[in-house]
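Q: Can you read through this structure? Questions will come right after.
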Amino acid sequence: MLTKFETKSNRVKGLSFHSKRPWILASLHSGVIQLWDYRMGTLIDRFDEHDGPVRGVHFHKSQPLFVSGGDDYKIKVWNYKLHRCLFTLLGHLDYIRTVQFHHEYPWIVSASDDQTIRIWNWQSRTCISVLTGHNHYVMCASFHPKEDLVVSASLDQTVRVWDIGALRKKTVSPADDILRLSQMNTDFFGGVDAVVKYVLEGHDRGVNWASFHPTLPLIVSGADDRQVKIWRMNDTKAWEVDTLRGHMNNVSCVLFHARQDIIVSNSEDKSIRVWDATKRTGLQTFRREHDRFWILAAHPEMNLLAAGHDSGMIVFKLERERPAFSVSGDALFYVKDRHRWGSYELYVIPKDSYGRGDIVQEAKRGIGSSAVFVARNRFAVLEKTSNQILVRNLKNEIVKKSSLPIGTDAIFYAGTGNLLCRSDDRVVNFDLQQRIVLGDLQTSFVRYVVWSPDMESVALLSKHSIVIADKKLVHRCTLHETIRVKSGAWDGNGVFIYTTLTHIKYCLPNGDSGIIKTLDVPVYITKIYGSTIFCLDRDGKNRPIIIDSTEYIFKLSLIRKRYDQVMSMIKNSELCGQAMIAYLQQKGFPQVALYFVKDERTRFNLALESGNIEKALESAKKIDEKDHWYRLGVEALRQGNAGIVEYAYQKTKNFERLSFHYLITGNLDKLSKMMKIAEVKNDVMGQFHDALYLGDVRERVKILENAGHLPLAYITASVHGLHDIAERLANELGDNVPSLPGGKQASLLVPPSPVLCAGDWPLLMVSKGIFEGGLDDTGRGVDEDYEEEAADADWGEGLDIVEVANLQNGDVSLVLDDEAVHEENDEEGGWDLEDLDLPPDAETPKTAPNARSSVFVTPTPGMPVSQIWVQKSSLAAEHAAAGDFDTAMRLLSRQLGVKNFSPLKLQFIDIHMGSHTYLRAFTSAPVISIAVERGWNDSATPNVRRPPALVFNFSQLEEKLKAGYKATTAGKFSEALRHFLSILHTIPLIVVETRREVDEVKELVVIVKEYVLGLQMELKRRELKDNPVRQQELAAYFTHCNLQVPHLRLALLNAMTVCFKAQNLSTAANFARRLLETNPSNENQARTARQVLQAAERNMRDATQLNYDFRNPFVVCGATYVPIYRGQKDVTCPYCCTHFVPSQQGQLCTVCDLSVVGADASGLLCSPSQMR
């Protein structure tokens, strides 16, 4: 049984699949009808107008309708597009058990506890027939898929088959008066248009279900006597064929599978049973622990089944439909209808043997959970019990045995002599010859592995994600899909083409993806040749599919900077659409997007974004809207294009900006005209400003006088020496002449003349980009030297700019300056790197570096937001934010084994306080607490509550990580330890959005754990003044922590110094060699290491024996600081994954100080995406 979808709800009593869409209706005992998308796993809609349980539900085959019947005696017909009930059919006098639409006529059949079956016309909304005859509850009734028959099952221990041929004839020719007369007494006596054809007796108890075979004259029934019976019928009679026994309680539902020769039944004994309809024997049984089954439904087109039980429903398949296949060169080998688990069969296929292999050859068999070829005449078999690989030859003889580095449940081919070993959360590339790990990658559970033809790239396909990596398993990109990923293959351009249930898609090397084609049915890609995809469907048929690769080839050319191809494709292809424009904008190529667009508004936006002012002007003229002219003016001003600025301001009649523009460009003639325009428009302030800009005092006095401001006009005239005007104004003012302050020297304020009068700003001379000119003049041919031009074009070269926020996974040498190590020393004494008493430097060799109502109705109080947060989430951080610390602690205990919550106390308080804000309403009223929601905006739906806003985020941890790195470099180990522990204590309360961020959080836990363990050992070493042997061991163990390269160099230098001083020259030489392998940029470090090597070569011995073997891989116990070598038993912390000796089982982890060592835990849960 392959479960595809599962829900948790009230008891499910009715189920119905949609014939075309991936939808299923579930009617519940609570009275709610749910509409689910089983492919996406989402609830689309809910309908809750029934009063009491809804026992029957059914989708119409072609109309957007479904019908439901419940314990309220009502049959309701719904339109799921309108999200409402269209009408209700009344007539039954007791509970309605089942309802079903007819496949052809506008009929509904319903079965009820009132002992009748009714047939309704849903178009006329009337009952057209009542089938009476049962003398107990009728448990189900359904139409025959092709003939004019109805089958019903009743608790009177019978199954009845009804002939409704007369009803069909009456529907086709309703003018017959005799038939119409009978309609009057239908409701009381039953109609003559439906008669009992057969009564099937044989069950000892009430019959719960009966259903027709889709094509054969067979009926299957299930009853409270725990038996499933098969019946056959012909034109005159029906008889029992066989009885299937096995259920331990009442059989609830039974049906024939639509596409296979099997019967599926379920029961109140909490099991689903599958029976062979031909041999009449049990094939499979699937049980639930606590839930009784009530209903079954089969998809009309696909191999899908659904079953409803006490606490929800499941959608499932009985077996996988993917054909087993393998591609070898240009040949495809695949197997149909052969399933054998836990073993392998080795066949030798004759060369040049193509077509169907009908000759059954003798196979060499063996036991194993995975088998793959690793060479021309060798294949590897995984022996899961011993976690070993057995390499066998073509005679099936064991040639070699090899233990695997991780607990492996499947192996995949990874090149000659190499294997990909899969565990639950990681994949390892293992070299069988050298028995070493070539690469390691953490990923979700991998189902399929697809190598590129050159074996340089690999795609790891999981249920809902694809990870692209190189041959050494270095991560390149991760794609997440909401719908299941089915298959994939590499095309000749290095693009990965893959299929989901509904689409063929592509993935580019940089992680960009898109849809190539929509699929009607799932297919499995086997090979790609050019634009043809060869694939297998679920029936095992080989199908070629032609695809249009233009879009992804165009994007690939952009990524690889093949601008000649980009040019050619722009000129010759129809690459248009909003998606392509958005892509080019997102990738920083708006100037390219400009050539795809016909819509002037989009062209205008792209032209502005790319700074192409001429193209923007062309579009603005065609659009001719004020807003566009304004935006054009802003951009033209930024570029200093005075002509276009002036034109844009003129079009918008923005006279103030225009006047100021003439001022700064020194165009005084036009400024004078602007003053006259202002005078004509009676714009006094505009006229006055223009006069100020021009320094025209007489005009200013005139404006003030005309505006009635005589005192201001008088002062202006007097100050500027216009005495004749001043006298005239003084006479008009009489006694109100304002006095002027004495002893002041007046001066005329005239705006300074601009250095550059008119004209555009001078621009730098730059060479044209590849698209400028080349695309404007499409008549010209493509030059042969485009590639050379592209090299010089301003397309953004790869600058050596470091994104500090992303440094946690890479070399931190840019942040951690090796040179600064000796400059900072505090009370901890830094790294203790002092000079050694070495012999004179004897030419040491150097290594090369690499309706409203008037009545007020009190609103009903809603549920508090914090309560909604708790109900909706399984994330500890969101429970803490809601103030429910108890459940937050229980969640952390279950997920991470956390027992010591003392370090988390402050974080809990901060996260709760930070997700609420507090308002004072009145002085006497209490403070109102308001929940702050994450990602809220004005357009948010008021009834939909978002998760809490959290004070901790991932970027804060990155800042702390950098601070920890810096303190480590400076030798401030106590401070660094505080930073790293703070990160470990914050991560359990971090919430991120995407699966990629979840992986980053988990990676951060591992990074920080290594530093905490290493720094704890180093601080412990410094306390041990009188134990030189233990000091050397701890310094040595520190070098085996997974540190950043600059810190590893310092740790190696430290260990080398300590061991050299203690005369352990052989061990010191090992550290020196490892230090030189890191290619230190500090020449002093390199010189010291070479000198130590030279000194050690003369006397390669150790004065004291250390508990340290660098040749044997080990991890360090986080409590006792002793090595745990490979093969030795250990226990781990469920949170930080630190290893401990078995005696530490049940103790508190000394590294994270939170979790119990060896505790059972489900793992870190920090994103809603992990719960979908």
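All positions are counted from 1 along the displayed chain.
Cβ atoms are placed via backbone N, Cα and C, with glycine included.
So TrEMBL lists the following for this protein:
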- 47-88: repeat 'WD' (REPEAT)
- 89-130: repeat 'WD' (REPEAT)
- 131-164: repeat 'WD' (REPEAT)
- 200-241: repeat 'WD' (REPEAT)
- 244-285: repeat 'WD' (REPEAT)
- 342-537: domain 'COPA/B second beta-propeller' (DOMAIN)
- 578-721: domain 'COPA/B TPR' (DOMAIN)
- 768-1172: domain 'Coatomer alpha subunit C-terminal' (DOMAIN)
- 823-840: compositional bias 'Acidic residues' (COMPBIAS)
- 823-857: region 'Disordered' (REGION)
Q: Summarise the repeat 'WD' (131-164) as counts of helix, strand and coil residues per DSSP.
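A: Going by DSSP assignments, the repeat 'WD' (131-164) contains 0 helix, 20 strand, 14 coil.
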Q: Any contact between the repeat 'WD' (131-164) and the repeat 'WD' (200-241)? By contact I mean 3+ C-beta pairs closer than 8 Å, pairs at least 6 apart along the chain.
A: yes
Q: Within the repeat 'WD' (131-164), what mean pLDDT does the predicted structure show?
A: 93
Q: Sort the residues of the domain 'COPA/B TPR' (578-721) into helix, strand and coil with DSSP and give the three counts.
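A: Summed over the domain 'COPA/B TPR' (578-721), the classes give 118 helix, 0 strand, 26 coil.
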Q: Using DSSP, tally how many residues of the repeat 'WD' (89-130) sit in helix, strand and coil.
A: 0 helix, 24 strand, 18 coil
Q: Could you give me three numbers for the repeat 'WD' (244-285), the DSSP helix, strand and coil residue counts?
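A: Summed over the repeat 'WD' (244-285), the classes give 0 helix, 25 strand, 17 coil.
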